[in-house]
Every structure is written in C-alpha cells, then in structure tokens.
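Notes follow once the structure below has been shown.
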Amino acid sequence: MISNKQNASLMLLILMASITFLAILSELMPSGVLPLMADYFQVGKASAGSLVGFYAIASALCGIPLVSWTVEWNRKKLLAILLIGFALSNVTVSLSPFFPLALAGRVLGGMCAGTLWPMITAYGMALVDKENEGRAIAIIMSGTTIGMSIGQPIMTGIGLTFGFKVEFLSIGLFALCIAILCSLFLPSVPGEKRSQANSPLTMLKNSGVQLVLLLTFLGVAANYGLYTFITNLVADISYSGISSAQIFFGVGSIISVGLAMRYLDHRLHLLVSGMFGTGLVTMFLFYLGSSLLLFHLAFLLWGVAFGSLSSLFQSSTARQVTEGTAVANALQSSSFNFSIMIGSTVSGLLLEQGGTSPIIIMSAGLFLLGGVISSLSKKFFV
C-alpha cells in the first residue's frame with residue numbers, strides 16, 4: 001500500500017498495466033483464431049466475426065451507463081468485480097459447447113471492458129500527484145501497446161498450436177491471478193459522490209470534452225481504418241511480409257509509449273499534434289513510396305503515431321474536467337470504440353472499390369484535419 005501520492009510505487013502502475021494488457025488481449029484474441037472457432041461452432045465466418053463485433057458493441061454501448069452507475073463504488077472493489085467478469089467471459093468461451101453461450105461470454109467481456117477503460121486511468125491518477133498523472137496514464141495504457149505488438153501474436157500461436165479453448169482458458173486464469181494480486185497490493189480508493197457535475201450530459205456540454213471526442217474520432221478512424229486491413233496494405237504495396245510490418249510497427253509503438261511516459265505531463269499538446277502529423281507523413285509514404293526502405297520507415301512511423309492513442313486521448317480528456325474523470329473518460333472510450341467501427345466499416349467499403357489506396361487517402365485527410373484542429377486548440381491542453 002502507499003501512504004503518499006508522490007511515493008506511489010511504479011510496481012503498482014505496472015500491475016495496472018497488466019490489467020490493460022489482459023483487456024486488450026480479451027478483445028483481440030478471436031481475430032487470430034476465427035477460422036478455428038467457426039469450424040468448432042459450425043457457423044460461417046461472418047457469424048464467427050460477431051464474436052469480435054458484439055464485444056465492441058457491448059463495450060461502446062454499456063460503458064457510459066455502467067460507469068455512471070458505479071461512479072460511487074470503491075475503485076478497488078469495482079476492479080475486482082471487473083477482473084472476475086473478464087475471467088468468467090474467457091472461461092465461458094473456452095468451455096462453451098454452443099455458439100450462443102460463447103457469444104454471451106463475449107458480451108460479458110465487452111461490458112467489463114467498457115467499464116474498465118475509463119476507470120483504470122482515473123484509478124491510477126488517484127495514486128500520484130497531479131504533475132505525474134500523464135505519466136501514470138502512459139504506464140497503465142502501455143499494456144495495450146504491449147498486448148497488441150507482443151501478446152496477441154503469442155496468444156494466436158497458442159491458439160493455433162493447442163486450440164482456441166486453451167488460449168481462452170489461459171487468459172481467464174491469468175485474469176484471476178491478476179485479481180488476486182490487485183486485492184493484495186492495490187490501495188483502496190473511494191469513488192465519487194454522484195452529482196450533476198459528473199453526469200454524462202454535463203460532460204457533453206464541456207467544450208474541451210467535445211474537442212477531445214472529435215479528435216478521438218479523427219485519430220482512431222484514421223489509424224484503425226487502415227490497420228484493420230494491414231494485410232491488404234502489405235500485399236498492395238508489395239512489402240516484404242506481414243511479419244516485417246508488425247516488427248517495425250511494434251518498435252514504433254514502443255518508441256511512442258516511451259515518448260508518452262517522458263513528455264505526456266508537460267508536452268501533451270505537442271504529442272497530440274505530433275501524432276496527427278506523424279500519421280499524415282506515414283500515409284504519404286504509403287501512397288507515394290516506392291522502395292523497401294521507405295516502407296520500413298512508414299511502418300515504424302505508423303507505430304509511433306498509433307502506439308499511444310489511448311494514453312493521449314485519456315489524458316487529454318482528464319485535462320478538461322475537475323471531477324468525474326471516469327465518466328468523462330467513459331465518453332471518450334465509447335467514442336474510441338464507435339470510431340473503430342465507423343473507420344473499419346467505411347474502409348471495408350472503400351477496399352471493395354479500389355483496394356487500400358482510397359483508405360490511405362481517407363486516413364490522410366482525417367490526419368490532416370485532426371492536425372489542423374489540434375494545432376489551433378492549444379489552450380485546451382495546458
């Protein structure tokens with residue numbers, strides 16, 4: 001336990017990073033083993049895809065009402081409930097003999113995720129002094145970057161080698177282990193008294209929150225719109241392979257996390273504007289590049305633009321409010337999820353019309369617009 005915010009242990013934040021690592025894996029794991037799951041449950045690939053889609057929909061739709069409902073709950077107790085929920089979700093998928101039951105397990109996981117993402121950063125911010133809140137968010141959310149770049153390939157390998165049931169069962173047991181560690185070591189932090197000031201409607205009237213929601217849409221749709229079809233991109237630009245792309249992208253993501261940890265508290269505006277600028281340069285390289293070296297650089301820079309998305313926007317949201325941080329972050333988290341769905345859906349339509357080139361152009365336009373808006377909005381990031 002900690003006795004002073006200034007002396008909050010780095011190990012506690014790393015423990016919380018393991019939670020976001022778990023959460024992102026719980027979300028992404030089906031994507032690597034969908035054909036196996038479709039064969040086992042004897043459903044089509046489109047139906048199997050709903051294991052991903054229903055999770056995202058549950059997360060987006062349930063996040064705001066559940067965070068508002070639990071705003072007064074002790075953070076440690078709420079976190080324990082959510083981790084048990086993640087465990088039940090993944091174990092249900094692992095042991096289910098029927099597709100509808102597995103789908104129900106995924107919906108449960110999505111509901112837990114929609115509640116977790118906003119509260120975990122607010123919880124971490126309560127453990128440190130105000131001038132270190134951004135660093136705390138960056139450390140906690142680094143679990144998502146590590147999960148996407150390292151954890152997901154490992155879990156996919158486990159699923160393909162031993163079966164998806166082993167994959168989901170192992171992550172369910174991992175969730176229980178984290179729940180035990182959190183109950184032993186994380187400090188108790190009270191919730192906030194429910195009031196009009198921390199209601200979702202009040203937050204939506206905040207011009208700073210509105211700005212961050214807009215920037216979230218632009219940044220997330222731009223990145224995920226193309227990332228969803230990264231295998232198509234690799235083929236269209238005749239790149240050396242998806243493994244090479246993931247390596248350079250992963251290195252860039254790690255660099256991004258390092259930059260966020262170092263500068264998020266004091267250079268937030270520069271990081272947000274830089275993310276949009278780096279993304280724009282990346283799209284130009286993909287569209288106009290003609291050499292392997294340029295494409296290596298493009299995937300590296302894309303990782304830099306992509307790696308700290310969650311940290312940047314969660315921290316930006318927290319800057320706009322004095323109370324109800326978890327509720328404000330719930331709005332941002334829902335915007336994040338809806339932006340993924342919108343970006344990937346529009347990109348899918350563009351892909352059918354002309355490959356990945358129109359997606360690159362769309363993403364470039366979104367990055368450009370986001371860069372202009374963020375550059376003109378410095379006062380909101382002070």
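Yeah, the Cβs are placed from backbone N, Cα and C, and that goes for glycine too.
Listed in TrEMBL for this protein:
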TRANSMEM  7-26  transmembrane segment
DOMAIN    12-382  domain 'Major facilitator superfamily (MFS) profile'
TRANSMEM  46-67  transmembrane segment
TRANSMEM  79-101  transmembrane segment
TRANSMEM  107-126  transmembrane segment
TRANSMEM  138-162  transmembrane segment
TRANSMEM  168-187  transmembrane segment
TRANSMEM  208-230  transmembrane segment
TRANSMEM  242-261  transmembrane segment
TRANSMEM  293-313  transmembrane segment
TRANSMEM  357-376  transmembrane segment
Output the single range from 79-101, 107-126, 208-230, 242-261 maximising the number of Cβ pairs under 8 Å to the transmembrane segment (46-67).
107-126
Same-chain Cβ contacts of the transmembrane segment (7-26) under 8 Å, 6 or more residues past its ends?
79, 83, 86, 89-90, 109, 112-113, 116-117, 120, 123-124, 127-128, 132, 136, 139-144, 146-148, 151-152, 155, 171, 174-175, 178, 181-182, 185-187
State the mean pLDDT for the domain 'Major facilitator superfamily (MFS) profile' (12-382).
90
Using a Cβ-Cβ cut-off of under 8 Å, list the residues of the same chain that are 6+ residues beyond the ends of the transmembrane segment (357-376) and lie near it.
211, 214-215, 218-219, 221-223, 225-226, 229, 233, 236, 269, 272-273, 276-277, 279-280, 283-284, 286-287, 346-347, 350-351
Between the stretches 79-101, 208-230, 242-261, 293-313, which one has more Cβ pairs under 8 Å with the transmembrane segment (107-126) than any other?
79-101
Which of 79-101, 208-230, 293-313 shares the most C-beta pairs under 8 angstroms with the transmembrane segment (168-187)?
79-101
